[in-house]
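Participant: Sharing a structure below in structure tokens format, with a few things to ask.
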Amino acid sequence: MTAHPIKNIRNFSIVAHIDHGKSTLADRLIQQTGAVAARDMVEQVLDSMDIERERGITIKAQTVRLEYKAADGEAYILNLMDTPGHVDFAYEVSRSLAACEGSLLVVDASQGVEAQTLANVYHALDAGHEIVPVLNKIDLPAAEPERIKQQIEDVIGLDASHAVMISAKTGVGIDLVLEAIVTRLPPPQGDETAPLKALLVDSWYDAYLGVVVLVRVIDGVLRKGQKIKMMAADAHYEVDRIGVFRPKMQDAEQLSPGEIGFITAQIKQVADTRVGDTITDERRPCAQALPGFKPAQPVVFCGLFPVDAADFEDLRAAMGRLRLNDASFSYEMESSAALGFGFRCGFLGLLHLEIIQERLEREFNLDLIATAPSVIYKIVQRDGDTIELHNPADMPDPTKIETIEEPWIRATILTPDDYLGAVLKLCQERRGVQVDLNYVGKRAMAVYDLPLNEVVFDFYDRLKSISKGYASFDYAITDYRPGDLVKMSILVNAEPVDALSMLVHRDRADTRGRVMVEKLKELIPPHMFQIPIQAAIGGKIIARETVRALRKDVTAKCYGGDASRKRKLLDKQKAGKKKMRQFGKVEIPQEAFIAALKMDG
């Protein structure tokens with residue numbers, strides 16, 4: 001590998017909403033610069049996990065180094081950083097963007113600006129990026145490039161008059177994108193003689209190499225055999241391999257300022273390599289770490305239990321392996337009377353939860369039940385202590401509680417005008433507080449403060465269904481606010497079912513409880529005795545349904561004759577049922593749990 005002057009390096013990322021063609025554009029850039037031989041070209045080269053390809057989303061940051069000979073005759077190194085676009089991975093996005101100096105903003109010329117586009121553009125602007133707008137899919141009959149340019153100027157405030165027009169699918173305009181990267185994005189700044197300072201962008205576990213760390217060198221030089229230190233984790237290692245991605249790994253001797261590449265150092269656990277940490281030289285450390293590092297904080301919690309109790313050990317092993325790769329995922333053991341042994345897991349958000357669950361089921365062949373997702377509540381007790389509550393079943397005695405605080409989010413929703421009424425109604429139902437509402441062309445942008453508790457359940461699905469899939473949604477957690485929350489328990493035959501207990505707002509408890517008991521009534525099969533299903537807050541029953549008993553027709557053998565004879569047989573049956581009900585155990589089928597937890601709030 002020949003060394004390039006720092007002025008000929010460009011580090012850039014691509015910012016886009018799901019399905020606006022980010023990965024396809026990346027494929028075309030890789031193809032155009034000849035980084036991958038034509039026969040090795042697969043769709044979405046950078047999305048390496050199957051789930052990423054199937055869902056069309058990018059989960060981990062990926063990078064590729066492209067070499068490009070520009071129109072001015074100079075050879076440039078272009079480092080493309082493919083970032084996740086989903087809100088759950090917002091912190092990973094901000095770190096990936098911190099590794100670059102510029103971004104391509106890809107907008108679908110037929111769809112226009114979406115909520116996630118906005119969120120990620122703001123991340124890019126916060127990172128001080130130069131942004132080049134790119135209009136994709138101009139080959140579609142529905143494309144309206146002029147209108148979308150105007151929209152970019154109105155909504156984001158970027159000058160879009162020089163936007164690059166492309167069709168990533170057919171390959172039109174890709175060379176213009178490459179020229180724009182070289183001419184309109186700035187080169188990195190860095191001092192080769194200063195002490196080593198590098199940003200840890202991402203890390204993953206490889207069975208042969210241990211942990212592979214994706215780094216962006218800011219100052220100094222990173223060499224093979226160098227002793228390094230991770231500043232936030234305070235871990236020390238010796239670099240044993242350095243290289244760059246062209247998308248396949250290729251070894252190099254060193255990484256200079258402005259370069260993006262990978263290192264391995266026989267690191268055993270991903271927990272030592274935290275995204276956003278600063279890597280420096282052990283002997284000659286840099287004075288201060290790079291700003292913006294935050295340890296990953298789980299936001300959503302839920303219990304994961306194996307359907308078959310015999311799979312518990314396999315589940316434990318599988319979680320350990322996923323944890324190697326994903327330090328933002330945390331778990332601890334828990335047991336539930338209804339579901340047996342399992343784990344209480346913490347996630348960055350709902351998509352993260354779905355992905356982890358899907359990876360456990362897919363990569364490790366496990367059948368899992370997930371309990372209702374819950375958020376972290378802060379409980380201020382009468383004696384002044386504050387505790388964090390991850391699981392509604394562990395709620396302390398209500399008489400000891402002063403206040404319960406719940407997390408709130410600021411949500412930005414972009415929706416076509418026609419569906420605005422339904423969207424506002426949904427936000428109102430979810431205890432939302434309107435902050436702002438304005439129009440962007442034919443679309444409305446509503447900004448709401450909402451309790452996260454109301455969003456984790458099924459808000460996203462409901463939003464998509466009432467807007468026929470057109471509304472887009474993005475959120476950031478803002479603060480904790482006190483709320484009138486109560487713990488709702490579900491009792492089946494007077495026995496509380498711990499897996500179904502949840503914290504709800506007092507105003508919504510009645511409806512939530514009623515829906516839950518009606519749902520369970522359909523799902524629990526009839527037994528030989530009648531089964532009451534109740535929703536309760538403390539000792540007060542707020543909703544009840546009864547599953548009727550199966551009964552034999554005891555009077556069938558009486559033909560005509562005395563009514564008192566029939567009465568006697570019926571009374572005898574009644575007494576038997578009553579006794580049975582005292583001793584009977586109700587079997588709740590697994591499907592009932594799964595369906596009740598998927599319940600539409």
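Positions of Cβ are set from backbone N, Cα and C atoms, glycine also.
Keep in mind that what you see is a predicted model, and the values were worked out from it rather than measured.
Checked Swiss-Prot, it gives:
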DOMAIN    7-189  domain 'tr-type G'
BINDING   ASP19, HIS20, GLY21, LYS22, SER23, THR24, ASN136, LYS137, ILE138, ASP139  GTP binding site
Participant: If you skip the near sequence neighbours and keep only those at least six away, which residues in the chain come within under 8 angstroms of GLY21 (GTP binding site), Cβ to Cβ?
Facilitator: VAL106, ASP108, ASN136, LYS137, ALA168, LYS169
Participant: Counting only other Cβ atoms and using a 10 Å cut-off, which of the binding-site residues SER23, ASN136 scores lowest?
Facilitator: SER23
Participant: Give me the count of other Cβ atoms within 10 A of the Cβ belonging to ILE138 (GTP binding site).
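Facilitator: Looking across every protein chain shown, the total is 19.
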Participant: If you run the three-state DSSP split on ILE138 (GTP binding site), which class comes out?
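Facilitator: For ILE138 (GTP binding site) - judged by DSSP and reduced to three states - the answer is coil.
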Participant: Averaged across the domain 'tr-type G' (7-189), what pLDDT does the model get? Just tell me the whole number, please.
Facilitator: 76
Participant: Taking DSSP three-state, what's GLY21 (GTP binding site) in: helix, strand or coil?
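Facilitator: The three-state answer is coil.
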